[in-house]
Amino acid sequence: MKTLYSLRRFYHVETLFNGTLALTGRDQETTGFAWWAGNARLINLSGKLLGAHVAHAGLIVFWAGAMNLFEVAHFVPEKPMYEQGLILLPHLATLGWGVGPGGEVIDTFPYFVSGVLHLISSAVLGFGGIYHALLGPETLEESFPFFGYVWKDRNKMTTILGIHLILLGIGAFLLVFKASYFGGIYDTWAPGGGDVRKITNLTLSPSIIFGYLLKSPFGGEGWIVSVDDLEDIIGGHVWLGSICILGGIWHILTKPFAWARRALVWSGEAYLSYSLGALAVFGFIACCFVWFNNTAYPSEFYGPTGPEASQAQAFTFLVRDQRLGANVGSAQGPTGLGKYLMRSPTGEVIFGGETMRFWDLRAPWLEPLRGPNGLDLSRLKKDIQPWQERRSAEYMTHAPLGSLNSVGGVATEINAVNYVSPRSWLATSHFVLGFFLFVGHLWHAGRARAAAAGFEKGIDRDFEPVLSMTPLN
């Protein structure tokens, strides 16, 4: 092994303690990257990099299949999904598999099938990953030019981008077809407390679909997270799928314009940074969606949202005290505002008390009791159905506020259940992972821009003490 400490080419790279473990083409001497730099060693080995990506996909799909089967094995049909710490079965149930009216699970076999299909797929991907990592050609450019590429080849890069966009568009249309033709999906707004139905009358009006993008992200506006009917969600997927497929065709057929060639950095690390930035945005949006939206993420499976649990508590005690003779329309609370009902800043009748801050909540168990000016007093007195009472009492005790010791629910609610809501897990994990991805985006963007500018910031290794010391071996 050459003594790396004197090779200026690697002056910015940490050195391996034991170079004898390395393989040619993947070691520090031949690539300039040590083993822990992972796929950086494969930057110019398209065949090996393909193997790494396929194997990674295999690991992802293996986790999905194994975790799916684990959740099926532990599932208890008598308890709601959100009380059982499930994060995969709620997604399958939302797609309409295995559930009936009210979100009740009537058949777990589709969940089992899903797990097995993912496990089989992961085996295929795993084999492909190992083949390309160990046996296949190191580079694809010579044998399979269609799959080969050079990072600086702008035309090839936008062609690859186009192929990816088409695949994403097909994915969006798969949801459209499932919702419209293949059995439908679960609609939490179906009359009487939710059911599986086919979504046929899609919203395709561009003013409605793109109106969501123009809404404020704050308060009762809520940007795209405020979507509350499946026609809009599935119609949005028609638009997105179409845009992705048309954009993909465009990027395959065209070469980048001069402004794009000048403005963007065209290197492997730059593409990595762009991808990490996009994933960070996805993570932050997913966090807000699963935390606030009870249409795409039905409360029957994921548990109530925070505002929903709070409003459910107010509703439950309104029902109780009204039965005990309270006049809920005029009773005053300790602050002089209405104890059960009050008016919002814009005049609607809303629940009183601390839950006033959540007055713009919309939930399927509550909307039937609203009139043109907010909550309708006559409906609250005469029209409350048993299923609405049951559901609000259940949601009241399952707020997504799990603390460190897993005591779920509102802290002052003596009936709160000992659990952590899947909404808490999914929102927190997607925020944290989105943040890590964002930091990775900044890191790799900085490195890519520095490399493109012809310098690499870092510790000046020319005068490091270690350079004058005896090599370890």
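In case you wondered, yes, glycine gets a Cβ from its N, Cα and C as well.
As the structure is a computational prediction, the values presented were derived from the model and not from experiment.
The phosphothreonine feature in Swiss-Prot is assigned to T15; the stated evidence is sequence analysis.
The N-acetylthreonine annotation in Swiss-Prot covers T15 and is backed by sequence analysis.
Residues or ranges marked as transmembrane segment by Swiss-Prot on the basis of sequence analysis: 69-93 (among others).
Under the heading transmembrane segment, Swiss-Prot lists 134-155 (among others).
Marked as transmembrane segment by Swiss-Prot on the basis of sequence analysis: 178-200 (among others).
Taking Cβ pairs closer than 8 Å, the transmembrane segment (255-275) reaches residues 43, 151-152, 154-155, 157-158, 440-445, 447-449, 451-452 in its own chain, all 6 or more past its ends. What Swiss-Prot lists as transmembrane segment is 255-275 (among others).
According to Swiss-Prot, the transmembrane segment annotation covers 291-312 (among others), on the basis of sequence analysis. Sequence-distant contacts of the transmembrane segment (291-312), counting only residues of its own chain at least 6 positions beyond either end whose CB sits under 8 Å from a CB of the stretch, comprise 80-83, 89-90, 93-94, 102-103, 186, 188-189, 194, 222, 225-230, 233, 351, 354-355, 358, 361, 363-366, 391-396, 398-401, 409-410, 421-423, 426-427.
The [CaMn4O5] cluster binding site annotation in Swiss-Prot covers E367. There are 11 other Cβ atoms within 10 Å of the Cβ belonging to E367 ([CaMn4O5] cluster binding site).
Marked as transmembrane segment by Swiss-Prot on the basis of sequence analysis: 447-471 (among others).
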Tertiary contacts of the transmembrane segment (178-200) (same chain, 6+ residues out, Cβ under 8 Å):
93-97, 99-103, 228-231, 234, 294-295, 298-301, 364-365, 367, 387, 391
